[in-house]
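See structure below.
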């Protein structure tokens with residue numbers, strides 16, 4: 001639908017004519033304090049500078065207003081929030097499955113994967129699954145988990161270590177050590 005009415009989105013800050021207070025505490029373009037002035041005087045100063053008068057904290061007594069370019073202010077705000085989102089890392093739990101009879105070659109490949117996960121800052125979940133008669137040899141499973149724990153002790157801390165078997169599997173969770 002072309003040419004329709006555009007819905008005005010609510011701004012987080014009131015600007016220029018939207019400010020309702022009679023007197024405001026005014027801050028200049030460079031952040032300098034200009035004192036408490038009337039709203040009309042503040043609007044005139046903003047117009048002289050060719051920018052907007054923006055209400056920063058409406059709940060203060062009197063409300064704090066700043067002379068600034070509102071478009072630039074919104075751009076800087078969104079840019080900084082995007083930067084913050086980039087810096088946040090979602091910690092994932094990566095799972096590697098072992099068996100009591102996992103051979104040396106397979107063990108080394110899985111160990112390299114675990115090292116990569118921990119270096120990337122992710123947690124690692126080691127699942128040791130027993131099948132058939134392997135259930136009778138649970139100590140072999142514990143030896144495998146202890147070996148993994150010992151091999152990764154410089155990189156990781158054990159978050160949970162199995163004390164008993166759950167169903168047909170044992171689960172150990174490793175978290176990466178904090179970097180100094």
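Heads up, the Cβ atoms here are built off N, Cα and C, so glycines get one too.
Pulled from Swiss-Prot:
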- 1: N-methylmethionine (MOD_RES)
- 107: site 'Important for 30S binding' (SITE)
- 110: site 'Important for 30S binding' (SITE)
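Neighbour count (other Cβ atoms within 10 Å of the Cβ, all protein chains): 16 for residue 110 (site 'Important for 30S binding'). DSSP gives residue 107 (site 'Important for 30S binding') a helix state.
For residue 107 (site 'Important for 30S binding'), applying a Cβ distance below 8 Å and a minimum sequence separation of six or more within one chain yields 98, 147.
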